[in-house]
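What follows is one structure encoded as structure tokens, with my remarks underneath.
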Amino acid sequence: MTTTVPAKAEVRENSPGTADGPRRRPGRIRRIGLPYLLLLPALLLELLVHLVPMVIGIAMSFKELTQFYIRDWTTAPWNGLDNYRMSVDFNAPVGEALLHSFLVTVAFTLLSVGLCWLIGTAAAIYMQDTFRGRGLLRALFLVPYALPVYTAVITWVFMFQHDNGLVNHVLHDQLGITDKPSFWLIGDNSFIALLTVSVWKGWPFAFLIVMAGLQNIPKELYEAAALDGAGMWQQLRRITLPSLRPVNQVLVLVLFLWTFNDFNTPYVLFGKTAPEAADLISVHIYQASFVTWNFGTGSAMSVLLLLFLLLVTGGYLWLTSRGRRTADA
Amino acid sequence: MRNSPMSPPGSFLWSRRIFLTLLTGFVLVPVYVMVSSSLKPLADVTGKFRWLPSSLTIRPYIDIWSTVPLARYFVNSLIVAGAATVCSVVIAVFAAYAVSRYSFRGKRVFTVTVLSTQMFPGILFLLPLFLIYVNIGNATGIALFGSRGGLILTYLTFSLPFSIWMLIGYFDSVPRDLDEAALVDGCGPLGALFRVVVPAAIPGIVAVAVYAFMTAWGEVLFASVMTNDTTRTLAVGLQGYSTLNDVYWNQIMAASLVVSVPVVAGFLLLQRYLVAGLTAGAVK
């Protein structure tokens, strides 16, 4: 194969410029090694920051890791499944609190993801066609997403203040909807406050992704549908929404994982101890680990959380992919 | 002018008008509160909320720098987010190029593993990572815990999975004939990457850089555990205004605005690329 005009495939495998001359096959090891070499930095960092810590985290969950052993965690005694037993004993305070936090998080996540998706999709579809001011509106809608989480949430904290906040001023003083100023960051209202902030911050991401997805729908589809006499709403139902399915499959999953794991929003909104009605699981585990210094139990809770997310993700992908395959067939 | 050939019915136009107006209000109110409160005297933000300031003042913008060492936090955030972005983009470009252009054993395992790290709750590896950094520090003298370096290392892996995933899609859309031509012309594989593939994928790379910067600039959990007084970033530092006896809401809003403007401005300038990048890469 040492002809002067080599086949394309061989050129691609070759890396010219090696010592033996441009047409010679470079060492097999180099050829095979290159992709691995390119992946190495990413791989090493993922190992260091994600995978190794995860394995250690799982090991910790089987240890009695209290503050006495934190200087050298390897010396902490193994205690088998005790941490797990404690976490899922729903009759004891620790397990009961975890279950409550889990249920709050599930409700919060379903509502938040649902609303973010709905608002984002609606806005993207309404803005699919050009109209005056569309560019400006699009930029404005992306602002909540572009703002650093903590500045956005701090602003909402100010708005939710009991005495000097905007929300009470509008609801109580101006509209007279509530009899007296409400507390938003403690008590039952805190769930509504958390949901509001989360949706305000999260919907532009759905908007962004759906907007990108809409640009990939061929215009000919709409033209053909219009020729067949399909109206706007029919085009929406028959073309737009079905075409968005693959985008939605990923979008909903990503929104779900981010919202379920969200720590920043509740942490900045409520501080280290969240009110019971808005006790999201990540803050709950943080508190169980760092405030009570019981890292073994905290790790066990994290592992349970990870298992739950794996299960949901796996089930979700299986269900949605299967649905798509049958639809294609 | 219009994308779809039929003019929309009145019901569509009306519902669009109502929906977009309400949504604009919802989005704008907090932005207005942030801007207007940052220009109010302290009395206006400690008493009942008022839509309009009793008088305008730029005092909060002067005071924010002395109430907490905001300039230092700013520099820290800039260094950490900037370095994390550059490293993350370079590493993601290499990894995505390997996945997009070569077939090799373990390719699927690699992509699945990297993507699945997105799923991990941060809380699960916070403590182990803290212990690893402390141990590396004890063993080698490289201070990762409490240093900017440790934070850079952590943040760049946060944006890495999404960046690699998006760039794979983007590189796949760059025709292979182009790098084959470059190889024939005598470029090595890296030459082909940097002279042909990277320039063709600039929108995707900009999008990934924007994402990486925003991720690092806004992170709170690891910043609050892994920094000390000298390395504290804005995410933690900004809470300094609220833990004092008096809550200087006008200063908090002014500082929030100062911290947000660079990111929001950059994002809005580059959002075109982000949408283009998503369209060509991730969403396909």
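Along the chain as shown, the residues are counted starting at 1.
Using the three backbone atoms N, Cα and C, a Cβ is placed for every residue, glycine included.
Quick look at what TrEMBL annotates:
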REGION    A:1-26  region 'Disordered'
TRANSMEM  A:33-62  transmembrane segment
TRANSMEM  A:102-127  transmembrane segment
DOMAIN    A:102-316  domain 'ABC transmembrane type-1'
TRANSMEM  A:139-159  transmembrane segment
TRANSMEM  A:191-214  transmembrane segment
TRANSMEM  A:242-260  transmembrane segment
TRANSMEM  A:299-319  transmembrane segment
Outside the transmembrane segment (A:242-260), six or more residues from its ends: residues with CB under 8 Å to it: 105, 108-109, 112-113, 116-117, 121, 198, 202, 205-206, 209-210, 212-214, 216-217, 221, 281, 309, 312-313, 316-317, 320-321, 324
Long-range neighbours of the transmembrane segment (A:191-214), counting only residues six or more past its ends (CB under 8 A): 104, 108, 111-112, 115-117, 119-121, 123-125, 127-128, 138, 141-145, 147, 149, 152-153, 156, 160, 184-185, 240, 243-244, 247-248, 250-251, 255, 258-259, 262, 265-266, 269-270, 277-278, 280
Non-local residues, at least 6 beyond the ends, that sit with Cβ under 8 Å of the transmembrane segment (A:299-319): 54, 57-58, 60-61, 65, 83-84, 86-88, 98, 253, 256-257, 260-261, 281, 284-285, 288-289
Long-range environment of the transmembrane segment (A:33-62) - Cβ separation under 8 angstroms, sequence gap at least 6: 15, 73, 76, 78-81, 83-84, 295-296, 299-300, 302-303, 306
Cβ-Cβ under 8 Å with the transmembrane segment (A:139-159): same-chain residues at least 6 beyond its ends: 123, 165-167, 185, 193, 196-197, 200-205, 207-208, 264-265, 268-269
